[in-house]
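Asker: The following feature annotations were taken from TrEMBL:
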type	residues	note
DOMAIN	12-158	domain 'Transposase IS110-like N-terminal'
DOMAIN	233-315	domain 'Transposase IS116/IS110/IS902 C-terminal'
Amino acid sequence: MALAELVDHVIGVDPDRDRITAAVVCSKTQGELASKVFPTTARGYGQALRWAAPYTTEGRRAWSIESTGSYGAGLAAALAAKGEFVIEFDHPCTRAAKDGAKSDSLDAVRAAREILGRKSWATPRSRGTREGLRTLITARDSAKLARVAAINVLKALVVTAPVDLREELRGRPLMALVARCQRLRPDTATDPEYAATKLSLRSTANRVRQLTDECRELELAMIPLVRSMAPALLDEPGIGVLMAAQILVSWSHPGRCRDEAAFARLGGVAPLEATSGQTQTRHRLSRGGDRQLNRALHTVILARAKVHPPTKAYIARRVSDGKTKREAMRCLKRYYARHLFRLLETAPITT
């Protein structure tokens, strides 16, 4: 059933950093009834809801909001708290289909009109514990990238260091190298090159140590949040705290994915037929969906294939049936997505 059969009006919203542009569109005629701009503040969100009320019927209206994970997050949360029907407008048409026209009000109208013909739509991801996990993942990923960059700088400094200093440092394991560089004393060197190199090594080593501790602290902070959302998830073979956190952030909350097939499509593990000519029926995985969830599922399956006997047996059986190992892994990802969906949808939330 298309959305136009469920609601009388759709309010399309194009959010920016400092303002939101809303437009009311009639479901039957797809005509624009009104549009207005509001500030991105709690007061502005309330004004938008009150403004839309005279043009619409409570219980028979929907809000189609772009960027519910960024600029539209505040409005989506405020409307959801009021019991409004909020839709995540996630795939706007391309610039070519817009005939070149571009403005905030036009984008708001398009957000309403394009969602009306759809038979399926997404609700915004939840906030609360899930949003807390998302911020921890973002901070940890940033610290991880900075740590890798600092490690590369440290190794490059060792390569170009004076010969005797280089020979003392090279060949050490990473954290042993960091510890040794942290103990360097630039003030004891009389040669300017030695003094500057030691200072650079010590500074970079301190940065690596700080970022290592920061990553560990953020990962530890994820554990209680993961256990509060899905206590059994960390007990799954092959799933650590990072993969569990990403799976929960992408899944968000019960009911967001209407069934396990929708969850598989979200994770990019739903099979697509790839048969040609005389070739027997083959399938490949979808390349759409949430790529972070796809990466998490891939990582978990690789880990289970090494340490989980039932997974090993499944792959061996599929290969003996004529599948390639890659095809067996694709089948396994789809199977495991079904298992995860059922686990998440029935998980008791302890917060």
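Positions of Cβ are set from backbone N, Cα and C atoms, glycine also.
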Asker: Taking helix as H, G and I and strand as E and B in DSSP, count the residues of the domain 'Transposase IS116/IS110/IS902 C-terminal' (233-315) in helix, strand and coil.
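Answerer: Tallying H, G and I as helix, E and B as strand, the rest coil: 45 helix, 6 strand, 32 coil.
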Asker: DSSP says what for the domain 'Transposase IS110-like N-terminal' (12-158): how many helix, strand, coil residues?
Answerer: 70 helix, 31 strand, 46 coil
Asker: Over the domain 'Transposase IS110-like N-terminal' (12-158), what does the predicted model average in pLDDT?
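Answerer: Mean per-residue confidence for the domain 'Transposase IS110-like N-terminal' (12-158): 90 out of 100.
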